[in-house]
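Features as listed in TrEMBL:
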type     : residues : note
ACT_SITE : Glu97    : active site, nucleophile
ACT_SITE : Glu101   : active site, proton donor
DOMAIN   : 17-211   : domain 'GH16'
CARBOHYD : Asn105   : N-linked glycosylation site
SIGNAL   : 1-21     : signal peptide
Amino acid sequence: MARMAVSVLSILLATCALAAASFDKEFDVTWGDGRGKILNNGQLLTLGLDKVSGSGFQSKHEYLFGKIDMQLKLVPGNSAGTVTAYYLSSQGPTHDEIDFEFLGNVTGEPYTLHTNVFTQGQGQREQQFRLWFDPTNDFHTYSILWNPKHIIFMVDDMPIRDFKNLEGKGIAFPKNQPMRLYSSLWNADDWATQGGRVKTDWSHAPFSASYRGFKADACVVTAGGRPRCGASVGTDVAPGTGAAGEWYNQELDLTRQQRMRWVQSNYMIYNYCTDPKRFAQGVPAECSM
């Protein structure tokens, strides 16, 4: 009986450790003149877009590697022309960046999930997907696992993309520049929906996207500029000073590789590696590896 009580207590403690922290402690709403709001005692954040302006927020912390989770519910109905961006980025002309972007569509047509990786200011590594659910009906978890060997994009824990560290082959990989987490809701009707052919219908404004459940098990850059790993940012557990978690050396096992290939076979709609017309010098080197 005592052993069972200990087990129950352990489960409860683990559950508490995963409870998402308050948005007002982890993020700053940085633009939008009141269109970005933190609600429900810090457990919900919403971004708004109207004809005057969109809105956005950024993390208080910078990260150098980590596993980042965020639950999003996207703009419902006629979202054509709108983009909800959720990404990690450093600053400057040679910045690194890891992107999720959700491109809206007319009512009844699916969102496009757009992913990209920038290294030393160079992007053009787009892969795009349809989702296997309606991302406007409920919250879904979108994750970035960034460690020294991989950048893995996940949707509800399903891997959809794995950008590998191929520095040994002369291909740059983001590993030296700390990044903040950013998100924004903005108008991009010059390109976002069907190549810009469908424009934003402002009669449906204001548009709104919602966020909850932020977690980051990450190496957090301290005031002195050094990363401190083992910090459970975005949970109710105080940041520690120990070693990084399992994510630091994580890669896809065979089962998860098969799941990723299933997603790519059934839901990928664009892959830069299969679009040689874009690249005068040929597709990027990682495409042949």
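Glycine residues also receive a Cβ, built from the backbone N, Cα and C atoms like all the rest.
Mean pLDDT for the domain 'GH16' (17-211) in the predicted structure: 95. Its Cβ taken as reference, the residue listed as 'active site, proton donor' is surrounded by 19 other Cβ atoms within 10 Å in the chains shown.
A gap of 25 Å separates the Cα atoms of Glu97 (active site, nucleophile) and Asn105 (N-linked glycosylation site). For Asn105 (N-linked glycosylation site), the same-chain residues lying six or more positions away in sequence with a CB closer than 8 A to its CB are Ser79, Ala80, Tyr111, Thr112, Thr193, Gln194, Val198. Its own atom aside, the Cβ of the residue listed as 'active site, nucleophile' has 18 Cβ atoms within 10 angstroms in the protein chains shown.
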